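Just below is one structure, and these are the notes that go with it.
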Amino acid sequence: MKVAIIGAMEEEVALLRNQIQNLKTEIHGGFEYYLGQINAIDVILLRSGIGKVNAAIGTALLIKLYEPDYVINTGSAGGFHTDLEVGDIVISQSVCHHDVDVTPFGYARGQVPGHPECYLADIHLIDIAKRSIDALQEVTHMHGLIATGDRFMHLPEDVATTREYFPDMIACEMEAAAVAQTCHAFETPFVIIRSLSDIAGKENAVTFEQYLDKAATHSARLILEMLTHLKS
C-alpha cells in the first residue's frame, strides 16, 4: 500500500516528514517529494505550496509518478460552522470551489464545467479518519463540505457572501478542491483532513499566525493515527 500525503506549507508537513523512515527526497517540476515509510506503510509526502494551481500540479505529478492507493490532503483551514473553534478537526465529505462561477451557462455555483458540482471523498478514508479521531483527546471534529478558493477569507462581506452560496460548508482553505479535482481525474481515492487555524471573518489573519502550529500538530497526529488504522 502507498499513501500520498499533501500539505501546502512547511509547518503542515514538517512533523510528518520527521516521522518518515528511510527518507529519500526526489525533485520533479520544482516540487520536493519525500519518500519512505511511516508505520511500515510506504508514503509520499509533498509540500505543494499555497493555492490551487500549485496543489493541482503537485498532485498530478505525484499520482502519475508514484501511483498512490490513497491521497490525504492535510494542513490548516478557516472554520465556517458556528460550532467549530480553533484547533478543531474537519473531515471532508465533499469538496468544491467557492470562487468558481459559471452559473449563467447553467452550472451550479462552484461547479467547473465538465465536472461534478462537488468531489466526494472516499467513504473508507472518511471512516478511517472518524475512527482515528479518538486519538486526539478533547478535540472536536466535524465532517461535511469543505470549499476552496484562491484567497484568504478575511473580509466579513466575503464570508457572508460565501456562506449565502454555500450554507452547508464547514470550512474554507486554498488547495483542497484542486487536490480533489485532480484525484477525480485520476480516479484516486482521497480525503481532506484539516485542523482550524482561524475562524473565517474573526481577525483571522492574526489568529492564523498564532495557531498555525497548533493546527498543524492536530492534523499531523490524526494522519499518523490514520496510517496505523490503514495498516491494520
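Glycine is treated like the rest: Cβ placed from N, Cα and C.
Keep in mind that this is a model prediction, so the values were computed, not measured.
Feature annotations, reproduced from Swiss-Prot:
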type     : residues                      : note
ACT_SITE : Glu12                         : active site, proton acceptor
ACT_SITE : Asp198                        : active site, proton donor
BINDING  : Gly78, Met153, Met174, Glu175 : substrate binding site
For this session: Have a look at the recorded positions Glu12, Gly78, Met153, Met174, Glu175 and say which one has the shortest Cα distance to Asp198 (active site, proton donor).
Result: Gly78
Exercise. In angstrom units, rounded to an integer, how far apart are the Cα atoms of Gly78 (substrate binding site) and Glu12 (active site, proton acceptor)?
Worked result: 14
Seminar exercise, completed: Using a 10 Å radius on the Cβ of Met153 (substrate binding site), the other Cβ atoms enclosed count 23
Seminar exercise, completed: For the residue listed as 'active site, proton acceptor', the nonlocal same-chain Cβ neighbours (under 8 Å, six or more residues apart) come out as Arg47, Thr74, Gly75, Ser76, Ala216, Ser219, Ala220
For this session: Pick out which of the recorded positions Gly78, Met174, Glu175, Asp198 has the most other Cβ atoms within 10 Å of its own Cβ.
Result: Glu175
Problem set entry | Residues Gly78, Met153, Met174, Glu175 binding substrate per the record - widest CA separation, whole Å | 13
Problem set entry | Residues flanking the substrate site, with Cβ no more than 8 Å from the Cβ centroid of Gly78, Met153, Met174, Glu175 and excluding those residues themselves | Ala77, Thr148, Gly149, Arg151, Phe152, Cys172, Glu173
